[in-house]
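The (6S)-5,6,7,8-tetrahydrofolate binding site annotation in Swiss-Prot covers Ser110, Leu111, Leu112, Pro113, and the record cites sequence analysis as its basis.
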Amino acid sequence: MKVLFWGTPDFAVKSLKALIESNHQVVGVITQPDKPRGRGQKIQPTPVKEEALKHNIPVFQPEKIKNNQEILETIKKLNPDISVVVAYGKILPEEIINIPKYKTINVHASLLPEYRGAAPIQRAIMEGKDKTGVCIMEIIKELDAGDVYACREVEITEDDDIISLHDKLAEEGARLLIKVLDKIEKGEIDKKPQDHEKATYAKPIEKSEGKIDFSRSAKEIFNQIRALKVWPKAYAKFRDEEVKILDAKIVECNLNALPGEIIKADEKEGIVVKTGDGCLLLKIIQFPNSKPITTQDAIRGYKIKAGERFE
């Protein structure tokens, strides 16, 4: 089939690569405009654009897609059999969704109808789920509410964070996408409506959600740290500075101390901090304008001692 691909970040690149390697033909790619990225804030192409250009696939980057006659005409000229959307970043209007023969499908990183919306991977980790998944669904006007072609479960382990789970879901989504497209082409697949009464929403992550409240349980804080490792990063005040906490582990402890208090600062083990119901061993932290370091190095470099407190 002739496929028009809509996508922007790294998550979408796996699906684009799988499409390029499949029997289907990618007739065009629509992605977000180039934006400043990285420390130097240089204008850079999106990851999807970079991949498409390697394969000489036409790339289009409209500033807006609503009421955009030019992009409508472009899509009609490309004449795709189906549009595939993977983390494009904007909601497509109905007039665009309905152009291709087989309409428009989406790779969504949750087990729908759970976690519709913008941040399904982070929310699944933050809420302590032990599994999530990917679904291929038909796009309709309502957000992530279309009929579902297929889903695959993915386990969330204690070792997973936003980076590892993102990659697992991107891989699984790409594999499932090709299977679904092959079956759509052969007319061998049915779609099923979602149970809308069971729908939950994964609202966008806000920067303020990175602030750690050490009176919460060790498990809740551990989930917060690993869910927000890319952005905004979990953080707490220490010596009047905002220190980011990038990696931690739940450990047993039976000492009485205030939440956030350092109960152990060991150059071999690291920093152990009291929480509402237990303790966390902090493994990697980052002081302002510094690189991430192990807590063993932080103890040596910043002379951190037991009795000090994260707030």
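Cβ atoms are placed via backbone N, Cα and C, with glycine included.
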Spatial neighbours of Leu111 ((6S)-5,6,7,8-tetrahydrofolate binding site) that are distant in sequence (at least 6 apart) but have CB under 8 A: Lys131, Thr132, Gly133, Cys135, Cys151, Glu153
Sequence gap of 6 or more, C-beta under 8 Å: which same-chain residues meet both conditions with respect to Leu112 ((6S)-5,6,7,8-tetrahydrofolate binding site)? Cys135, Met137, Asp144, Val148, Cys151, Gln194
Setting Ser110, Leu111, Leu112, Pro113 aside, what same-chain residues sit with their Cβ within 8 Å of the center of the Cβ atoms that define the (6S)-5,6,7,8-tetrahydrofolate site, listed in sequence order? His108, Glu114, Tyr115, Arg116, Pro120, Gly133, Cys135, Asp144, Val148, Cys151, Gln194
When neighbour density is defined as the number of other C-beta atoms within 10 angstroms of a residue's C-beta, which of the binding-site residues Ser110, Pro113 has the lowest density? Pro113
